[in-house]
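S.K.: This is the structure I have questions about; it appears just below.
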Amino acid sequence: MTYNSYPQNNFDGYGQEPMASGKSGQPLTVMQGPLPIGEAISFGFSRFFTSQWYVYLLISLVPIVLGAIAMGAAFAQIPASAWQSGDPNVVAKALFASSGLGLVIGGVFLAMIAAFFASLLLYNAAVKDTRGVKPTFGNVAQGLPWGQTILVFILVGLLQGLLSGPGQVPEPNAGVAVVGTILFLVQFFLMPFLYMIPWYAVDGKTSAVDAFKAAWEDVKPHYWRILLAFIAMGFISILLVIFTLGLGVLVVMPVITLFEAFIYRWISSHRDGVGAAPGVGQAPGYGAAAPGYPQQPQAGYPQPGYPQQPQPGQAQGYGQSGGYGQAPGYPQQGNGQPGDFNHPEGYTPFQ
């Protein structure tokens, strides 16, 4: 499997605001430790409600608007007398008798296609946003590997269709109902894998086929926290739609997309190695000291070129002040230790 890890952003800790990750166009800083569920959820909302909110919102609205236009055109074909009857059966018959049925079918198909491509653009916008590129209408389609992205969505859709197929039988018998229930549970517990697969192809890290293996390997170590995060986000989305009387559905799709982007970036960065790039995941000045900077010596274990605190029975070397804060490379007393030098003739070291 080919897994194309790209260089992570070099965050040296300077020039960044404390809450920069919540601003559109700011790179997402991935830290060490377990997946922060609360931060993943808040990231979805904070990144949506930024200066670029209209990009996410309008992309999400395209399929809704197209579907509404098609349905409106279809219902406009129904005679006024059918509407005035107040009988749904009369309205339905009038719809079938007119060209409105074709408009309904065509409108639904058009809305589905629009929703599919809107999803691709939302994914690409979220990927750019987490990389540190502010999404705009001019760049939202740039850099998207269209072929592999379309293919991975088709493959994931087919897999989900196979798992949910028995549950769609109108009047299933007992055996079909049991199989459908089992497959539903399988699909539920595979949710973290299924939802993460497309991101690898969208991000250009793998092919559509290799994305399945990459998602499997990256999700496994963090499976339960990712599943819990999806469950929590699902409940929050439902409550948002209920308490906003349905208006919340306009923001749910982009918010969930950004939420998934956070999880994807987190698990894929841990695969690449968090902290591999200088400063990633740590504040400046922390971690191992760079060569040339003084540090407290380890007891009894001399390091090449770095002066040590004298051991019992040894005289303190020249240029030292108790072993702390010395500049590296100064010689010290002791035979066979790094930094030894030849004493002047006639000089007898103190034993």
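Numbering starts at 1 and runs along the chain as displayed.
Glycine too: its Cβ is placed from the backbone N, Cα and C atoms.
Features from TrEMBL:
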{"type": "TRANSMEM", "residues": "53-76", "note": "transmembrane segment"}
{"type": "TRANSMEM", "residues": "96-123", "note": "transmembrane segment"}
{"type": "TRANSMEM", "residues": "144-163", "note": "transmembrane segment"}
{"type": "TRANSMEM", "residues": "175-202", "note": "transmembrane segment"}
{"type": "TRANSMEM", "residues": "223-243", "note": "transmembrane segment"}
{"type": "TRANSMEM", "residues": "249-267", "note": "transmembrane segment"}
{"type": "COMPBIAS", "residues": "293-303", "note": "compositional bias 'Low complexity'"}
{"type": "REGION", "residues": "293-351", "note": "region 'Disordered'"}
{"type": "COMPBIAS", "residues": "327-339", "note": "compositional bias 'Low complexity'"}
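Please situate the listed features within the shown structure.
M.R.: Outside the transmembrane segment (53-76) by six or more residues, the chain places 95, 100-101, 103-104, 106-108, 110-112, 114-115, 118, 121-122, 125, 135-137, 140, 250-251, 253-254, 257-258 with a CB less than 8 A from a CB of the stretch.
Residues 56, 59-60, 62-64, 66-67, 69-71, 73-79, 140-141, 144, 146, 149-150, 153, 198-199, 202, 253-254, 257, 261 of the same chain lie 6 or more positions beyond the ends of the transmembrane segment (96-123) yet place their CB under 8 Å from a CB of it.
Cβ atoms under 8 Å from those of the transmembrane segment (144-163) belong to residues 116, 119-121, 123-124, 183-184, 186-187, 190, 194, 197-198, 200-202, 204, 207-209, 211-212 of the same chain, restricted to positions at least 6 beyond its ends.
Residues of the same chain lying 6 or more positions beyond the ends of the transmembrane segment (249-267) and with a Cβ under 8 Å from any Cβ of it are 28, 30, 35, 39-41, 43-45, 47-48, 56-57, 59-61, 119, 122-123, 126-127, 129-130, 195-196, 199-200, 203, 218-219, 222, 226, 229, 233, 237, 240-241.
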S.K.: Quickly jot the same-chain residues contacting the transmembrane segment (223-243) by Cβ under 8 Å, restricted to those at least six beyond its ends, or write none.
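M.R.: Beyond its ends, the transmembrane segment (223-243) has Cβ neighbours at 34-35, 37, 40-41, 44, 189, 191-192, 195-196, 249, 251-252, 255-256, 259, 263, 267.
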